Each structure stands twice: as C-alpha cells, then as structure tokens.
C-alpha cells in the first residue's frame, strides 16, 4: 500500500449515481423483521448493510463485528424532495438563473469576464473569489429579464422551511421539487462555477433528492432492552417512515389516486426526509417517538454539547479518573491532594518491576485489591493480565514476580495525579498534585489553591486523573505541579496566596500591639514543619515578650528588602512613607519586618508586586511553596488561638451616631426636594448634552451617593479598629467597608441597568407611592440598614436590584463560554516559534513578536520585561 500525504479535504454533494454506486442494496420494504426475528432482506436492517452481532460475518465484506465498517444502501424516491440543508442555496439558484433557459441572468460578456477573474484568483485568494461570486449572485438576482433568451422573470418566494412559490401573472403557483429540479438541470457548468460552486462535486440539481442514501447498520445498531425486546435506533425509525410513505406514494400513483392525495403523500415524504436530516427545523413540528420524545436524527447527532464534534472528538470520556466532593484541609501541602482510600484502592498506576522495587511490589500483590496499599492486576511479560480478585494464593504469585512484570498498584502517597475543576476556563484549571491518601470520602484541597480552580467548598466536585506512563508523569512533574504555577500566565502575579482567615491571622499577628510569650510563640510555631530560631525577645522586662513581627521575620530570607503600603493604608490610616504611626506602611530590611502589617497587599492571592510575589520571583517557586506550607499555617494557628468572630454588636451603632446619620439623611432629603422643585419651576440648569430629566436624575444620584458615603464615613469613624468585621474589611480578608456601611448605616440607592428604579406601574414604581413621585424613596433609595431591617417597599426594591445581578451572571456565563470556544477553535493551531514569532500551522506569521513585546507574563515582572526600580532597590537599597 502506497503512502500519501493528505493535502486537504473537499466537501461536495453526493450525486444520485454516486449514491447508487456506493449502495449494496435498494431498500424497498418497510417491514424490518420476519416472524422469527430475522432481519428481512431489502429492509432498513438488511444484513448486507453491516454486522452488529458478535460472531456473525458480514455477507458483503466477509468481516466480523470489529472489522466490518458497514455498508450503505439506498432508497429510490418515487418523487424528488428538497434537501432541507440546501434550501438557501436552491433559493439563490432559482433567483439568480433564468426560469426558461437556466442561464445566470447577466450578459455573456460579463460571464466571460467574471469567469476569467474567478479562475485566476480562486486558488490564491479564496476569500476574494467568494466576494466575487456573491457580487455576481446579487447582480443576477436583480435582473427582471433574461439577457440570453429574453424571458420575463417572476418573483420567487420561499415560505420556510422548504416551500417555493412563483408570483406569475395568473396568480401565485407552488413550485414542486420536480419543477425546481428541472430548472436546475438546465444551468450550464460554467454558470454553476461563476455562482461559487464546483460543478464536478456540487451540481445544483443534486440538492433535490431523487435517491436517498441509507446509512450502515453499524451507525444505528438496535439494542436489546431488559425485557428482551429489541429497540431500534432513532435513525432506523425515521428510515422506516420514509420507506413506508414512499411505498404508499408509489401505490397511489400506480392506482391513479386523486392529485390531492398524491400531493399530501408527497408533502409527507418531504416532511419525513427533512426531519431525517434535521429534527429541529424552525416552523416544522419535530418527528416524535411513540412515547412523545423527539427523535434524535442526523443533525442532532452532530451539533451541540453532546454531539459528535464536541461530545466525542473535542471531549472524550476517559479511564483512570474519579470525581467526588472537595473539602478544605489547611494541613496538607499546597501541591498535595487528599485522596479517599476507596478511590486509592480503585485507581491504579502501572509500575514495572525492577531489582530495586521488587520487594515493595511483592508486598502490594500479597495485600491484593482490598487492602491498601495493594494491587489490582499483574501483567506478565507475554501481555497476559492476572486479576488479583480471583487469585487464591497471592503469596505464591508474588514469589514468581520478576523484572519485566508490570504491577497495577494502588495509588500511594507521593504519586503524581492531575486535578481539575470544571469549567476549565484557563490552563491552570488543571494542575498536578501529589497524592496523600486519607480517611473519608472527599478530596482534600489546601485552601490557598482555590483561586486557580475558582473552587469553594459549598458542594463543589472535582476530577482526578491518574497518568499511566512514565513520560506523562515526568511531564506533569516538570510543568504542571502546583508550585510551578503559583505565578499566573495571565498577569504575571501570584494567583495562589492568602485569603480570608490567612489574611486576618497575618494582620493580627503582625500588628504592633501583638506580644507573645515564649510558650505562645512556640505553640503557634509548632505547626510549621521547620526549626525556627526567634533570637532575642524584643521585650526583656518586666517579662520576656516576642513581637508577632519577629515570628514572621524568622521565615524571611536574610537578604530580602521591601517597602510599600499595606491594604489598611487608607482613609484616616493612610501612610505613604516609613514615618507611619498607624503601622500601615510595610518596611522589611535584611529579612526583618520592621514596620507595617501583613495583609492582602502583602500576601494576598492575585496581588501582583506584593511581598509574596517578590519572594517567589526572587527566591524560586519552591521557596514560595515552603513559605505557604509553613508561615501561612502559623497565621491560621494564631487566628485559631486568638479567636476571631463577628457578632451583631459589631455592626450596631450608638444613638449619637445614628442621630448624626439621620441629620445627614434629612439634609440630603431637603437637597433632593430643592432639586425637584427647581426642575418643576424650570430653574434647573441642564448638564451639557443631557435633557432636563436626565440632568435631574444625575443631580439626585450624586446627592444620594454622597449621602451613602457620608453615612459610611460616620459609621467607620465610630467603629473600633479591632472590631473583627472592620478588620476583615480593612485588611482585604473579606468584604469591604461598603458592606459594613450597608449593615450598620444604610443600603443606599438600588439600581437596575445603572439607573434608579423607574419601571413598575403606569405612573409609579409601587402602589405605595403617589403617581409621578420621583422622590428617593419612590425610586429605590433605601435609608434603612440590614441591622435595623428593611421596610416592605425597601425589600421589594432591594430584590429588584438583586434580581438584575442574577440575570446578568447567567447571561454573561453563556456568552463568555461561547466566545471562549470560538477563540479556542480559532487560535488552537497558533504557536510561538523559537524565533519569537507567532505562526499558524502553515508557517504564516501572525505576530512578529509574541504579544508584540516578546514577553511571557508568567516569567515577567507583572507584565514588564524588567522592573528596574526593584533591581536598583535590591542592589543599592532605597533612599529614606
């Protein structure tokens, strides 16, 4: 057999002759089985169409089930029918060609000119050739008289899905598929080509079917259901319908039945052939099973998420995988995954026996499939597979093991596996972890690794895949392990880092008021898997105390320097240099934390140019992993010992504070009333480019926004800096000052589509307000807080604002998913070459430099090639 290189694939339309040639039999009978249950010859289950039973031989090719590819049959249609997939093309042909002579409705000179141009450009510039054919079609469709035979043209109408009508002088006439085929047969090959079709593979009359191909049985096998009844495939049901109606139509024509009956049967045949190709045609009732379920026909097999392309080619089901709920575990390493023992006993890794591992593997074989760590199978050098469930004496089998055997052993601690959470929106939605077999039934995941997976623990499930070859394991270790992906390729910052309790703990530990006795320091350092020397206590008398800053400094490299603002540096605690009384400017010199606190800006996830980022960048991702596995555990331990909780009193304000807020509310109400009065009196000054109504809305919104922020500032001013709700908001651990404002002071304006709520009843939002009322309360402003509780009208407006968020999320998800899929398909063949260019599969240059600057964000300094300031600081320090 000679080898050939595939240059390309060309799609065309099957001609009636080709359909007959590739067919092994004509399908003529609607009955499928005889009384004995044997398939009838000439039926849609004719044995010559392929083998679906094990052990049988195909009468056509002589092969058995595994090797018989299946063979086509054909149905000779009594009357032609339109192929529903080509209706648009048929419509174009009918409008662009003459009804009498079949020529394209442009002059001979133009045909010659356009043909010459088309043939010159079609190979080199296919898109230009397509534009030319579109122009020819549009020009030809406009012609009212044929330039070749002088015939006057009538208007053609398409009534979807497949009925064509011609508006003649005497009235509207329906064009039957026979009429259409007759017209299309007249179109010469040169004219077919100028309309953008290849006449050798796609003649227009082939779009009107006279012969229907019957697919092999192998793609529509019948299945035996529990009761022993044979259930046929949906395609088989559809083909039986087509054969039955075709036979009835033939009998009616032969018997000389009235034209009305023949036309009804012809329409029915057209319907069955159309729904055979696509059972979701708009305007056509779907063909249904006896149970009422719509049949899954050819188009449904191909399109959509479960279809052939996305369901079986782009994505496949795999072996050696498992799925269960995930639970948090801060005590395992960031690149470990806790695997339930039941899963570890089910999933296996093939390990080849060598002189160095033979004793270990013998013990695994003796343990067998039910005791972990054991083994499920042994594969002998001759390829024979031994299932250990059925081996009586496993010790004897273990003694016969020798180098060359392969043992499919259970997952054990340290094995490399792939972990994934759907939807997999970016590369690091799938990373490699090392196995830690644990009790329980859920996968355990370190909390720090949630952001790349976008995981939380409210019932999320994740998938685990076990690589089966040494190459796959090596690749996973080298490029997919979690700590090698701490820096995200999206923006060159750490996507894995502290969140929530970690940040709260870090802040409480590093704040300057935190002092620890030696015993307390030892207790929190006990969770770190490393020896720590704290040095001399910071306070010696009246009692020895270590500061929280000393504890953190013990984990930092001795040559590390950093300075920058903390997250708490805002509002009254804002500091822009080292002279900071509020502990909100971070200074680290020679690995010692001298000033400032650790919060979100220092160690938080998705925080580029943070302390964590520079530590990983300058001291390796291995060091980053070590830091997260040790120092971050200390933060959690500290917050556990310290206690960290929130109570109702944390968001309760005193009477004097409430009075201050109510005064602000009254002032804002007066201001809004004045604006409305000015508007009614015609004294309001419009904003340039806005109508008077829009200007009023803007002025009111500005006033109400100021009111909410003022109320928030008043509440914040009176909150204790160690109020835990406030600590969470200021450090960036969870929530924001706005959330506290809404809980303690007021909710503020509820908006829908960025505007105050307007819609509701005819002249008002709710029946609780007067018609044409545009006051803040009537348009969705909520003066209450969550602490005091919402009034009924306020609750309604709040629900309207919340509903918009839900709808928006659902719409955005589907749109972004579809957009991403299109981008992936378009960009999947591009790659960055060694010369720095980005090229397509054919070597075409897409970008002269990758990303126009040749910088890969993952290895950059937050997208910059080099951070010069940081390098200077490392070499010469910074000016104080």
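Placement of Cβ uses the backbone N, Cα and C atoms for every residue, glycine included.
What you see is a predicted model, and the numbers here were worked out from it, not measured in a lab.
Pulled from Swiss-Prot, these are the features on record:
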BINDING   58, 61, 68, 71  Zn(2+) 1 binding site
BINDING   88, 92-95, 138, 303, 305-310, 323, 422, 812-822  dsDNA binding site
BINDING   98, 101, 146, 149  Zn(2+) 2 binding site
BINDING   456, 458, 460  Mg(2+) binding site
BINDING   573, 575, 580, 582  Zn(2+) 3 binding site
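Features as recorded by Swiss-Prot, highlighted on the structure.
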{"residue": "58", "record": "Zn(2+) 1 binding site", "DSSP (3 states)": "coil"}
{"residue": "71", "record": "Zn(2+) 1 binding site", "DSSP (3 states)": "coil"}
{"residue": "98", "record": "Zn(2+) 2 binding site", "DSSP (3 states)": "coil"}
{"residue": "306", "record": "dsDNA binding site", "DSSP (3 states)": "coil"}
{"residue": "456", "record": "Mg(2+) binding site", "DSSP (3 states)": "coil"}
{"residue": "575", "record": "Zn(2+) 3 binding site", "DSSP (3 states)": "coil"}
{"residue": "821", "record": "dsDNA binding site", "DSSP (3 states)": "helix"}
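Apart from the site residues 573, 575, 580, 582, the chain places the Cβ of 568, 569, 574, 581, 583, 584, 585 no farther than 8 Å from the centroid of the site's Cβ atoms, the recorded Zn(2+) 3 location. Surrounding the centroid of the Cβ atoms of 58, 61, 68, 71, where the record places Zn(2+) 1, the chain contributes additional residues within 8 Å, namely 48, 50, 51, 59, 60, 62, 63, 69, 70.
Excluding 456, 458, 460 themselves, the residues of that chain whose CB lies within 8 A of the CB mean position for the Mg(2+) site are, in sequence, 326, 455, 457, 459. Packing around residue 821 (dsDNA binding site) is summarised by its Cβ count: 12 other Cβ atoms lie within 10 angstroms of its Cβ, all protein chains included.
When the binding-site residues 68, 146, 149, 580 are compared by the number of other CB atoms within 10 angstroms of each CB, 149 has the fewest. Residue 88 (dsDNA binding site) carries a helical DSSP state (H, G or I). The candidate set comprises the binding-site residues 95, 310. Of these, 95 has the most other Cβ atoms within 10 Å. Candidate binding-site residues: 58, 575. Fewest other C-beta atoms within 10 angstroms, 575. Cβ neighbour density within 10 Å is lowest for 458 among the binding-site residues 306, 456, 458, 460. Cα separation, residue 813 (dsDNA binding site) to residue 101 (Zn(2+) 2 binding site), rounded: 53 Å. The two recorded residues, residue 61 (Zn(2+) 1 binding site) and residue 310 (dsDNA binding site), have Cα atoms 32 Å apart.
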